[in-house]
Amino acid sequence: MNVKIKKLHNWDMTPTEAILLQRELAQKVSACGTLSSISLVAGADVWHSRTSGMGRAAVVVLSYPDMNLVEVSRSEGDCHIPYIPGLLSFREMPLLLSAFEGLESMPDFILMDGQGLAHPRRLGIASHLGLFLNKPVIGCAKSRLVGEYAPLADEAGSYSDLYHNSQLVGRVLRTRRGVNPLFISVGHKICLEEACSRVADCCRGYRLPEPLRHAHLAAAQLI
């Protein structure tokens, strides 16, 4: 069973056009939904060479809830589009979609290394990906792009809501004692409470939940 990908738009556009498109697509993102009958979860990450301009996207599929590796799909190519804050998906999405096309199994939900609604125009890479795949996607970022939050306690499981322009856009979650927290936000077709619960379910003592930890290793070709 192959992952079905919608044809939302092409990639030949200026930054100004991309921003306008983000505002349009953000209206289609769903921040509602819960998951049931879960057996597979995917993690997705993209690695970039600092010298050659090449990128490598990796998607890993793990069994849920035991987190055993089921499948790895990679896609490599040139990333000539420079990184522009807020437009990350226009640099990384073509490689990501190619990697998803290579999957033989269909994940029930996806963890994406990046923002979802915690984005200036409410369309980070996790939300953009969710619209292409029409699947539940959770944004799980290692750093903040927008928003303010109250300090967290040191214990694993402590959290603080993330607000941007007085709107709740995500949650800052500490997944391991004494390490920097993760920035969780809705990507598509899932509510924030469910997203945070599933991220916590996927953690096994590391800062990153297992799907993203494996995706990071796969993108760097370490697994």
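In case you wondered, yes, glycine gets a Cβ from its N, Cα and C as well.
As recorded in Swiss-Prot, the features of this protein are as follows:
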{"type": "BINDING", "residues": "ASP45, ASP113", "note": "Mg(2+) binding site"}
{"type": "SITE", "residues": "TYR83", "note": "site 'Interaction with target DNA'"}
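Of all the binding-site residues listed here (ASP45, ASP113), it is ASP113 whose C-beta has the fewest other C-beta atoms within 10 angstroms. For TYR83 (site 'Interaction with target DNA'), the same-chain residues that are 6 or more apart in sequence and have a Cβ closer than 8 Å to its Cβ are ARG91.
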